[in-house]
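Straight from Swiss-Prot, the features:
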| type | residues | note |
| --- | --- | --- |
| REGION | 1-27 | region 'Disordered' |
| COILED | 120-276 | coiled coil |
| REGION | 202-222 | region 'Disordered' |
| REGION | 318-427 | region 'Disordered' |
| COMPBIAS | 379-388 | compositional bias 'Polar residues' |
| COMPBIAS | 440-466 | compositional bias 'Polar residues' |
| REGION | 440-468 | region 'Disordered' |
| REGION | 482-604 | region 'Disordered' |
| MOD_RES | Arg484 | asymmetric dimethylarginine |
| COMPBIAS | 569-579 | compositional bias 'Polar residues' |
| REPEAT | 695-725 | repeat 'ANK 1' |
| REPEAT | 729-758 | repeat 'ANK 2' |
| REPEAT | 762-791 | repeat 'ANK 3' |
| REPEAT | 795-824 | repeat 'ANK 4' |
| REPEAT | 828-857 | repeat 'ANK 5' |
| REGION | 856-886 | region 'Disordered' |
| COMPBIAS | 861-880 | compositional bias 'Acidic residues' |
| REPEAT | 898-928 | repeat 'ANK 6' |
| REGION | 1436-1467 | region 'Disordered' |
| MOD_RES | Ser1509 | phosphoserine |
| REGION | 1542-1647 | region 'Disordered' |
| COMPBIAS | 1544-1559 | compositional bias 'Polar residues' |
| COMPBIAS | 1567-1584 | compositional bias 'Polar residues' |
| COMPBIAS | 1630-1647 | compositional bias 'Basic and acidic residues' |
Amino acid sequence: MATDGASCEPDASRAPEEAAGATAEAARKEFDVDTLSKSELRMLLSVMEGELEARDLVIEALRARRKEVFIQERYGRFNLNDPFLALQRDYEAGAGDKEKKPVCTNPLSILEAVMAHCRKMQERMATQLAAAESRQKKLEMEKLQLQALEQEHKKLAARLEEERGKNKQVVLMLVKECKQLSGKVIEEAQKLEEAMAKLEEEKKKTNELEEELSAEKRRSTEMEAQMEKQLSEFDTEREQLRAKLNREEAHTTDLKEEIDKMKKMIEQLKRGSDSKPSLSLPRKTKDRRLVSISVGTEGPLTRSVACQTDLAIEGTDHVKKSPLTVPGKPSPGSAKGSVCANAAHVRPGMDRQASHGDLTGSSAPSLPPASANRIEENGPSTGSTADLPSSTAPAPGSAAQSPVAAALGPAHSAQSPCTPAPAQPGLNPRVQAARFRFQGNANDPDQNGNTTQSPPSRDVSPTSRDNLVAKQLARNTVTQALSRFTSPAVGAAPRPGAPPTGDAGAYPPVGRTSLKTPGVARVDRGNPPPIPPKKPGLSQTPSPPHPQLKVIMDSSRASNAGAKVDNKTVASPPSSLPQGNRVISEENLPKSSSPQLPPKPSIDLTVAPAGCAVSALATSQVGAWPAETPGLNQPACSDSSLVIPTTTAFRSSINPVSASSCRPGASDSLLVTASGWSPSLTPLLMSGGPAPLAGRPTLLQQAAAQGNVTLLSMLLNEEGLDINYSCEDGHSALYSAAKNGHTDCVRLLLNAEAQVNAADKNGFTPLCAAAAQGHFECVELLIAYDANINHAADGGQTPLYLACKNGNKECIKLLLEAGTDRSVKTRDGWTPVHAAVDTGNVDSLKLLMYHRAPAHGNSLNEEEPESDVSDLDDGEESSEGESKPVVPADLINHADREGWTAAHIAASKGFKNCLEILCRHRGLEPERRDKCNRTVHDVATDDCKHLLENLNALKIPLRISVGEIQSGNYGSSDFECENTICVLHIRKQTSWDDFSKAVSQALTNHFQAISSDGWWSLEDTAFNNTADSDIGLSLDSVRAIMLGSVPWSAGQSFTQSPWDFMRKNKAEQVTVLLSGPQEGCLSSVAYASMIPLQMLQNYLRLVEQYHNVIFHGPEGSLQDYIVHQLALCLKHRQMAAGFSCEIVRAEVDAGFSKEQLVDLFISSACLIPVKQSPVKKKIIIILENLEKSSLSELLGDFLAPLEIRSPESPCTFQKGNGTSECYYFHENCFLMGTIAKACLQGADLLVQQHFRWVQLRWDGEPMHGLLQRFLRRKLVNKFRGQAPSPCDPVCKTIDWALSVWRQLNSCLARLGTPEALLGPKYFLSCPVVPGHAQATVKWMSKLWNAVIAPRVQEAILSRASVKRQPGFGQTTTKKHPSQGQQAVVKAALSILLNKAVLHGCPLPRAELDQHTADFKGGSFPLSLVSNYNSCSKKKENGAWRKVNTSPRRKSGRFSSPTWNKPDLSNEGIKNKTISQLNCNKNASLSKQKSLENDLSLMLNLDPRLSLGSDDEADLVKELQSMCSSKSESDISKIADSRDDLRTFDSSGNNPAFSATVNNPRMPVSQKEVSPLSSHQTTECSNNKSKTEPGVSRVKSFLPVPRSKVTQCSQNTKRSSSSSNTRQIEINNNSKEENWNLHKNEQTHRKT
């Protein structure tokens, strides 16, 4: 038991420990150190410290206990006093070690477990303690920061208080100042009132002065008006007196001729000669009387002439026809009579309101009154405008139209029955010209100035073949008529008493009796058959004009008579008159199968006398389609041919059809048989091919639908007939007639009181049907009979809606003028505007929007359809820009069921034109949305989107400004300050970046456009120097950009968008300012003058580097402008560097002396005395016009001081007052000069090595491309940045002006006259007038007469009059040129004019011939030059060509066998055969006559043309070679065109001047340009120039750099088309020689 009790103690004690441990575990889980407060943490820390102390005590106690236990366990087991130990010892010794369990727990293990647990707790508490310490530190730092912030807050609060105090003081001061300022304002207001009062007084005074001035102005204006009136009266009286004088002179001349003739007749009578010559006098007198123009007091003298194609009608009887009068033989006087087929403007149209009853009694045409008989240029017209009055009275309320027909009808056959004979020599040239005119051109205007073009018809679709047929018919007619005057008559004349009628019922007319037409009999000439009696039903009632009858006729263009060709359809106008016919053609018509009927009583067929075809029949026709444009002027042989339909469309309801589907040729049924003598009407209607019309029980509807006027009128005369009967579809007879466009039937039914507003089952009235089908005549009739113009069908369609839907503009206009409502909507919500836009019909939409209804009623007349066309084509376009739309904004913006407006429809279908018209209406709402929330832009196509985006875009011109240009003094009068380069489109969504990119891109494109060659591809490839074409401008050249008046730079942005900014600031343009001389740059100079910037900078560098520079070139090379701009730029550069600078300009003339130049240098501080120190001031001296004085005399003494500028090399100069002193040039002096001369001569050449020379050659940059670039920029400015296409006439005109300058200089260079070369300055003023090339030609003529011709004349005379014969020691010039020299000058001017100026002119040859007379020297006979050969001359004579800087540099004169054959030198001017090869067929005889007279005059001078010098002979030979040359490389490869250039060939007897064409591109070897050897009899002294300084320079060219001397031999290997070569002839071989300025002159001395 003791053992059990002992063993249970530990167990009993372990259970509470485990329970306490579990409780502690749960408490530990709930315990969280982070949630404890500071005080709790401190308490916990103290508790843990106490526990640590207790733990230390426990550990010490346990150590002591352990020691005791250890001793006991080790040594106590052997103690016999303790029985428990004995028992334990026995227990342990009794069993094995593994099986034994301790009796009680070992205290050491317990202690170790407790210690491990305590270590863990200690570590955990240490970590928690460290975390608590870190949080404590962070908290303390936050406290420190909080304290610092509190201190700063206090400081700021203190400062704020201080600032408030200061602000209070400032506010008090401002209040005081405001009080003071208010007092001042009051004082200023008082002063302003006083000033205003004074201003009012001044205004009153100025008003009084203005009134007095206006009164004086009125008086002066009245005086001027009186003066003008008197001047005009004087002018009128002077003209009248002149005219009277001319008439008296002409009358005197005639009387003189009569006297001479009478004298001759008296002499002949005295001699007893026969009396035949005496008969010619009255005849000629009569002829002259016929040709004379009739004045108001004279009666018209006409003469009737019958020919094979016309009917001569004479007399004034209106009741009976006059017999034909045939003269036996036309006299020359009557041959001048005008026989144009289109002499009268024929107007045969259908009289819609007049009814013709008795057609058999048609009156004969009568001659017009004296005032209407107009005699044209070619003589009196033979009954040209005959009036054919109507034989019946017009219907009441209608305007009667009198048909007018031409006396000479159109050609009735495609073939001319007689071949016109060629013009005889004895005929009058006017008749020959008329024959040539009408044979050559069928579109020429007639005698009255009218062109025979018919008005456009909607249903007419002529083909080119139809037009050719009509033109050929007119042409043949006139040819046949003229053949009566120019050739014997062919065929027998008709019997005088035979009336011009024939059997035309069963015998349709054909062209000739030999022409074959299937199914048609021939027309037999003879008396007409007896006229059968009239029908009973038609005898009393006047019937309307009948539709046309289809007649088959041969109208091909075959030249052989009798050829079998395709059938054509010809119809006559609805009148029985023989003239005024219309030729109507249609391509695909079936063969006629209608029965042949006897003629009606009203047939009046005219048979031509000599076998020509009759034009057409004027008879009644069943089922004919009326003319679409009655009342229009449609002459015979019209280009637009009407089409006779074969069928008529007929349906039960109105369906919208297109313009093509409502053409007559596309319909379904037609009765083509002519109503005549048939006993039964029903078989007549059913025969001939047409199918019976279904659903039409009555003949009335059938006749109305088919347009059978005869049947309809008969039925209407019957009693008891219901004319308003409607079929099952609701169609009445009036409806059917209106739908099919039968105007006459509609008129009959309306006169019979048919219901005008009867509707069918769909609600369509006859007016709806006519408007839908486009029958505007029916619409006009129905409106006149009070039809309801606003009637709406079941679907809401009004007549206006239907007309707009089908694009029938004539109907639309009639309805609008009648006052129809434009705002009626359909069931779907569509208005007429929707309908017009839906079909894309622009004309209909224009009418709806702009056409105004008349204020007082509607006046309808027969010429209304014609005015329709003109109003629509011309008037409406003008009204768009001037008048406002009459349509309100609500109608434009009206939406249908789907919410779509008219703009939605136009945009979605891509009808850009319609959308543009809608957008012009200010009330349009493009942002309006449909029911799907879509705007117009959302549903638009790409094109329409672009249009909508640009709708409100601002169009701002972009201009480049170069600043103010001083004009007049420096040759810059033609330069423009500003140039428009493009137009910027600024939209609402445009950003500043987009705007900046657009401006930059526009500038870049513009600079490239004016620099590149582009379409300026001239024929001469030698001028295409593209290497130096770039002018060097870029965006860096821009100084500033002005948006109106606001400066702006690229990339800068404002708060407003560009669109808002431009509108707010009212910026009308964007100006780009280029950097100019004021900024030390030359960009503006380069742009103004079109000289490349790189070259200008190079010139400026030469001035700065060498100080002495002279610019020289031909006159007009802009030397003065360049020098002045360089001086300005240099001045501003020096001023920017801190130096003062001054420009001194002096003009040199012939009287400018060296002493004056010395005074100029001294006064400007360029020449400084040796004793004086140099100044720091910069001086720029400009000497202009140095060519007017001798350079060697003027600058000879200054050469050395200018080269060496220092006090060590002084020079003594004499002043103007006579004193002299030593001076020197200082370094700060710049000297620039200008010379308007291409080369130097004589002693002046000594000056050239002391200066730096800038040569402005016309064939090199910058001058060569300057004119091209300048004119291109001028053109771009004219077209506001949009350069036209190369095919535009204005581009060709500019090309011509450019080529004139180049070819002119090339020809002048070849003639050896460099002093006549011109710079581009004179051509800068070339006018750029689009569409008026005549202005440029007139300008060119003025330039030629004022500048070019005098210079050429002076240069040629100075060269031709210089003699260098051995007997004379010096050069002499003749004051009065000989006749030979004058001939040479005239020849040179004429050749230059033809080869350089007139060649390539864009005007037609006929217009150019009119302007040729304005050019001086254009009438010289050039063939004289071609046949001229100079007299004998010496071979070794000195060369006359002193200098030449042209591209065709001259070699020495070669004495080759070709130029010096003995037979040629002896021949002189023996050959007088004139080979004037001007192949211009339009040249008048008078010009040729004057040319021959001039030529004969020159030939009379031939014996005296022995030229006194060899230079004249050289000139003549040079002119001859220029005339014969056709492959000149330096004249832009002038084409061998006989029409554009007058070429000249020498005769066969003169082989020396036969044009030997050399190959200008043949390579030349080095031997050919070497110095000439001894066997060559050529002297090239003027080519050589020294290269050694010791040899004096006698003759030279202006300078070429010495570095180029070595390149000369290589340059000569190039082709001769280059600008430095020339063609010469040596033994028929093409050889050439380069002229160089620095060749070795010793070769010249050896020769």
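The backbone N, Cα and C atoms fix where each Cβ goes, glycine too.
Here the repeat 'ANK 6' (898-928) has, by DSSP, the following mix of helix, strand and coil residues: 16 helix, 0 strand, 15 coil. Residues 796, 798, 800-801, 803-809, 812-813, 816-819, 822, 871-872, 876, 879-880, 883, 885-887, 891-892, 894-897, 902, 905-906, 909, 911, 913-914, 917-918, 921 of the same chain lie 6 or more positions beyond the ends of the repeat 'ANK 5' (828-857) yet place their CB under 8 Å from a CB of it. Within the model, the repeat 'ANK 6' (898-928) carries an average pLDDT of 89. Counting residues per DSSP class in helix, strand and coil order gives 16 helix, 0 strand, 14 coil for the repeat 'ANK 2' (729-758).
In terms of DSSP secondary structure, the repeat 'ANK 1' (695-725) contains 17 helix, 0 strand, 14 coil.
Residue counts for the repeat 'ANK 5' (828-857) under DSSP, split into helix (H, G, I), strand (E, B) and coil, are 16 helix, 0 strand, 14 coil.
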